[in-house]
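**Student:** Structure provided below as structure tokens; questions to follow.
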Amino acid sequence: MAGEDCVRKRQSGSSAAYKSPENEEAQRRPDGERAFQNSSNGRVDVDHVITRKMQLIAEAEQLKPVFMKEVDSHFTDFVNSLVAKSALLDSSSSASLFPASCSEKELHKAQASRAPPEHGKIFIARKSLLDELFEVSHIRTIYHMFIALLIVFILSTLLVDFIDEGRLVLGFDLLVYVFGKFPVVFCTWLCMFGATVIVPYSLFVWWAQGYCDSSHRVIHSLFYGTLFALFQMVGLGIGPTYVAVSYALPTASRFIVILEQVRLVMKAHSFVRENVPRVLSSVKEKSSSVPIPQISKYLYFLFAPTLIYRDNYPRNPTVRWGYVATKFAQVLGSLFYAYYIFVRLCIPQFRNSSQETFNLRGLVLCIFNSILPGVLILFLVFFAFLHCWLNAFAEMMRFADRMFYKDWWNSTSYANYYRTWNVVVHDWLYYYAYRDFLWFFGKKFRAAAMLSVFMVSAAVHEYVLSICFGFFYPVLFCLFMCFGMVFNFILNDRRKGPIWNVIMWTSLFLGQGVIICLYSQEWYARQYCPVENPTFLDYLKPHSWSCHMRM
């Protein structure tokens, strides 16, 4: 009996020492859970289920910010590492062009003898940022809010016209006027495009074929380079400008001609700039063939939504024609949006402004009243052109790299804003203006290179506005060269945090107000106070400063 009692104690002790984890977990559970577990065999306690569900929801809400922060942190680290690996791949690929037996001095000499960009922009298949953001319902709601604002503008215009005229007036006289003389615009574009297809390609082919056998290669290159420069300045430069001015094209029609002029000049330069180093390299290596791209590739480049020439781009397998129709419809909707902004917010304000005395108080009120239409126009230009128009052509061309812009709205510095607002133009300025400047003058002149890029960009912007508006009023040039340069150095990439994003947006709002206010005042002053037999200086002097005195 004593032995049996000893065995029982030993078995009970071992069973207590070797409890299963499930039993321990069951003992550690709260009483509520054990009660729910006991009642699960019979009637389920509904109140307990609801209470427990609410507790889980509350815990999930508490974990959501932490989870999103972790996801954002990991995603940022992933993107940074991807960019770093891409840069490392570029450097390693450029180093692999030379044999491993070359000394560092020879390698440096060989790299310095080659004109950049040997390894420039890398095109990869990716969607536009807004297309990705519109998949989120919260971001799509902001888009719906802008549509609702357009409906409000339409209703406001219809109601005011009904009250004033006694009937519903659906006239778009302003749109018809600004896009007038369209046959002249189309013929001018056709001539520009045809000349850009034939002249730069033919000059390059003749130069490349004769360069190998020429005994005076410098003179040969200078001759064809001069012909190409003359075509750029006279054929694409003076010709379209003369047509726009002599035919007195309306404002929007002039914008079409002049912007296409600038685009084709940049395209032709990129084609020549990217292919000339390849020919020089093949001649130096005594290659049997001259690398001349097919004209079909050049023609594709002229239509592709990029200003950087490549023989091949990443392509999508199919064309989504429904997507193309949607984007063109959004462009058309943006035009009507801009029409209603001018009709409701700009024209009533500036129509009689030229009759008022020019003073500081009126100028300040004008600037602040112009901020709302200025910002809306800024958003519309971004959405209609950089997103809808470029994506529509990219889809039709099956062009897969859709990074035409980045998240410029999150910028905390003007340096980042300039890089992300218009990636298409920024890439051209970076590779063909900034980097070529450093190649010619050395890396010690980075500040001078940046200043030259700012000056070129400001001059081209002011040229476009001067030709399209029909007067010279360098507001945008001064904003670019004065405030833009100062903010570029003050609000640099070292500025982080939300406060700098607020400062950037505040200055951007004020800048848009200044642009809309001053250009609108000058436009109406030129209409109400024309100068008889104007001289060249009359086109340069602002009329808005003295229009009220002449009236």
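Using N, Cα and C of the backbone, Cβ positions are placed for all residues, glycine too.
I grabbed these lines from TrEMBL:
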- H461: active site (ACT_SITE)
- 21-34: compositional bias 'Basic and acidic residues' (COMPBIAS)
- 1-42: region 'Disordered' (REGION)
- 142-163: transmembrane segment (TRANSMEM)
- 183-209: transmembrane segment (TRANSMEM)
- 221-245: transmembrane segment (TRANSMEM)
- 321-342: transmembrane segment (TRANSMEM)
- 363-394: transmembrane segment (TRANSMEM)
- 445-465: transmembrane segment (TRANSMEM)
- 471-490: transmembrane segment (TRANSMEM)
- 502-521: transmembrane segment (TRANSMEM)
**Student:** Determine which residues of the chain contact the transmembrane segment (471-490) at the Cβ level, with the cut-off under 8 Å and only residues 6 or more beyond its ends counted.
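**Tutor:** Beyond its ends, the transmembrane segment (471-490) has Cβ neighbours at 414-415, 418, 450-451, 454-455, 457-459, 461-462, 465, 507, 511, 514-515, 518-519, 522-523, 526, 539-540, 542-543.
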**Student:** Apart from its near flanks, which chain residues at least 6 from the ends of the transmembrane segment (502-521) lie with a Cβ under 8 angstroms of it?
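**Tutor:** Residues 346, 349-350, 353-354, 363, 366-371, 373-375, 377-378, 411-414, 417, 465, 469, 473, 475-476, 479, 483, 487, 491, 544 contact the transmembrane segment (502-521) from elsewhere in the chain.
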**Student:** Report, as a single number, how many Cβ atoms besides its own are within 10 Å of the Cβ of the residue listed as 'active site'.
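**Tutor:** For the residue listed as 'active site', the count of other Cβ atoms within 10 Å is 16.
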